[in-house]
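Asker: Below you'll find the structure I mean.
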Amino acid sequence: MEGDAVDQPSSLQVTSFMILMYFFETYLDLRQHAVLKLPTLPKTLEGVISQEKFEKSRAYSLDKSHFHFVHEFVTIFMDSAILFFGILPWFWKKSGNFLPLVGLNTENEILHTLAFLAGVMIWSQITDLPFSLYSTFVIEARHGFNKQTIWLFFRDLIKGMCLAIVLGPPIVSAIIVIVQKGGPYLAIYLWAFMFVLSLVMMTLYPVLIAPLFNKFTPAYMYGFYKNKRIVLYDTLIQQCKNDEEIVAVIAHELGHWKLNHTMYSFIAVQILTFLQFGGYTLVRNSTDLFRSFGFDVQPVLIGLIIFQHTVIPIQHLVSFALNLVSRSFEFQADAFAKKLGYGAALRSGLVKLQEENLSAMNTDPWYSAYHYSHPPLVERLAAIDEPDKKED
């Protein structure tokens, strides 16, 4: 079969790399945790952030950090066990055994895949529920951020599951049919389908999906073409009580639009999606690859899952590169707002947002470089405070 002559990564190798990345990211988390414990503000923020806000921010960040260590350990433990002990192929077979019990055809790959995904969704909700509840009703509530009741929490959870049940089957079915019928142009067909789907979702999301979970007033920015909108969260209005600060934040967002950041990001995502599907087409028929993960069949969805696991190293590099680009875009949007004369107001608005959200005031440079898509406040304020360069 195509690709069998090439050495394929096994589940053991993928699991080993996942654990290696876990140790690396835990090291970065420990660096950040140590910085969060510092009892003093960065010099740039001294006299700008009140000591009371700093202490609250520090307590909130440390609580989230402790929770993160536990959550990540449980996650890597479960993910590694699933791969190492062959839970995926076992669960695929069990989901197939379920179909005859409800009078469905086991040989139908679409039905088999949907049964598999239904089980995965239920498992994910069960295992993630304790963490979601603790995060929302203990940590967020302790620091004054939780506005949800138990009823609202479970209502949104059920809404999300219903959306997945409504939207998932047609999308999954279409992908399976495309892979089965795509032939040599499979990567192009998959990319075209995902491209159209992304446009449809960008159109439908602000009109049909977002209102299910949030209440909006007319000002709101999202979408494209005639469906562009400006979103102003109520927390932003409450935190930036000065009208000029709100205008400065809007000027920053308009900077993203004026400098075509949204378009560039969209193009980058499309290129990466196409390359990803191109890579998938090279290995989708590899019997050895499926067998190395414990499968004696080659379902489309399982092929995609296995491929995602095998390109984890590349995904980490791409994610890091995209963060660098995103941080650059933020600096450019800040500079745009400053050029319009809102530098001081933007500076004040960013500080207030940092204070009210109790965001981390101290950040480890390695941690922020690896994880943050937005520059830390200290770096953004330093860039805003830089004198403008004179044009020749």
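Along the chain as shown, residues are numbered 1 onward.
Glycine too: its Cβ is placed from the backbone N, Cα and C atoms.
So TrEMBL lists the following for this protein:
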type	residues	note
ACT_SITE	Glu253	active site
ACT_SITE	Asp334	active site, proton donor
BINDING	His252, His256, Glu330	Zn(2+) binding site
DOMAIN	32-215	domain 'CAAX prenyl protease 1 N-terminal'
DOMAIN	219-387	domain 'Peptidase M48'
TRANSMEM	73-92	transmembrane segment
TRANSMEM	112-139	transmembrane segment
TRANSMEM	160-180	transmembrane segment
TRANSMEM	186-213	transmembrane segment
TRANSMEM	262-280	transmembrane segment
TRANSMEM	300-322	transmembrane segment
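Each of these features: where is it, how hidden is it, and who are its neighbours?
Answerer: Sequence-distant neighbours of Asp334 (active site, proton donor) (same chain, 6+ apart, CB under 8 A from its CB) are His252, Gly255, Leu346, Arg380, Ala383, Ile384.
Using a 10 Å radius centred on the Cβ of His256 (Zn(2+) binding site) and all shown protein chains, the other Cβ atoms total 19.
Averaged across the domain 'CAAX prenyl protease 1 N-terminal' (32-215), pLDDT for the predicted model comes to 92.
Residues of the same chain lying 6 or more positions beyond the ends of the transmembrane segment (73-92) and with a Cβ under 8 Å from any Cβ of it are 11-12, 14-15, 18-19, 22, 112, 116, 119-120, 127, 131, 293-297, 299, 302, 305, 309.
Within the chain, the transmembrane segment (160-180) has long-range Cβ neighbours (under 8 A, six or more residues past its boundaries) at 109-110, 113-114, 117, 121, 125, 186, 189-190, 193, 197, 209, 212, 284, 300-301, 303-304.
Cβ atoms under 8 Å from those of the transmembrane segment (300-322) belong to residues 8-9, 11, 14, 17-18, 21, 83, 88, 92, 109, 113, 116-117, 172, 175-176, 179-180, 268, 272, 276, 279-280, 283-284, 289-290, 293, 370, 373 of the same chain, restricted to positions at least 6 beyond its ends.
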Asker: Restricting to the same chain and to residues at least six past its boundaries, which positions have a Cβ under 8 Å from a Cβ of the transmembrane segment (112-139)?
Answerer: 60, 63-64, 67, 71, 74, 78, 91-92, 94-96, 98-99, 104, 106, 146, 148, 150, 153, 157, 161, 164, 168-169, 172-173, 176, 299-301
Asker: Ranked by the number of other Cβ atoms within 10 Å of their own Cβ, which of the recorded positions Glu253, Glu330 ranks first?
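Answerer: When each Cβ's neighbours within 10 Å are tallied, Glu330 leads.
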Asker: Is the transmembrane segment (262-280) packed against any residues at least 6 beyond its ends, judged by a Cβ distance under 8 Å, and which are they?
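Answerer: The answer is 186-188, 190-191, 194-195, 198, 224, 256, 303-304, 307, 311, 318, 322, 325-326, 329.
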